[in-house]
Amino acid sequence: MAQGLIEVERKFIPGPGTEERLQELGAVLEHRVTFRDSYYDTPELSLMRADHWLRQREGSGWEFKCPGATSVSGPHTEYMELTAEPAIVAQLCEVLGAEVLGAGGVAATLGPLGLQEVASFVTKRSAWKLVLSGADEEEPPLRVDLDTADFGYAVGEVEALVHKEAEVPTALKKIHSLSSMLGVPAQETAPAKLIVYLQHFRPQDYQRLLEVYGSREKPQGTKDPDMRLG
């Protein structure tokens, strides 16, 4: 697989005082933004059923998330993020068992690979960053995104980006520490926006995912059929 950043994250249900608590902890508000996410898959959900997630974000381009190799249990996920279009196309072909396509971008490969839009929704986000007290000033900050989707679902996410698998345990420790400071129960899990969207608007696809993840060992990087990308 083409190398990309490793995203380690934990989703939670934010409360009315979450932003105030972030400010108390010294978090900095980076921005408030509204954007549309569109997810693509085959009619059989071949990507999602293999725990791979293809998204186009308005203003940001394409992203393909592939399961990480975490061996640490807990209410978190770990994914490799690919954002370079040639790497995304190559990985899509590998996952779908297709011949490697030409030099076209992701959009040009959707039709040949049988990919179509399966979800699209708008999110309002407040994005925060925070360096935990006592951490090395050169350490990358933790990021906290507080999202509300246009279908009414609100979810938060604590995220760390690392370059190597060996850095994941330290990142997890920081994520769990900050989650605790925000009052998140130790084993709380929260569904991703995409999963709630499918549950509400494409219940047959939602059931298809539940059946897959309920009938075999859960895929890498996931602890629950609801802990998916959003």
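Cβ atoms are placed via backbone N, Cα and C, with glycine included.
According to TrEMBL, the feature Mg(2+) binding site maps to Glu7, Glu9, Asp145, Glu157, Glu159. Just so you know, the Cβ of Glu159 (Mg(2+) binding site) picks up 18 other Cβ atoms within 10 Å once every protein chain is counted.
The substrate binding site annotation in TrEMBL covers Lys11, Arg55, Arg57, Lys65, Arg125, Glu157, Lys193.
The domain 'CYTH' annotation in TrEMBL covers 5-201.
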For Arg125 (substrate binding site): intrachain residues, at least 6 apart, with Cβ closer than 8 Å: Arg32, Val33, Thr34, Phe35, Asp145, Leu146, Asp147, Thr148
Neighbour tally for Lys65 (substrate binding site), based on other Cβ positions within 10 Å of its Cβ: 21
Cα proximity to Arg55 (substrate binding site), best match among binding-site residues Glu7, Glu9, Glu157, Glu159: Glu7
For the Mg(2+) site built from Glu7, Glu9, Asp145, Glu157, Glu159, further residues of that chain with CB within 8 A of the site's CB center: Val8, Arg10, Lys11, Arg143, Val158, Ala160
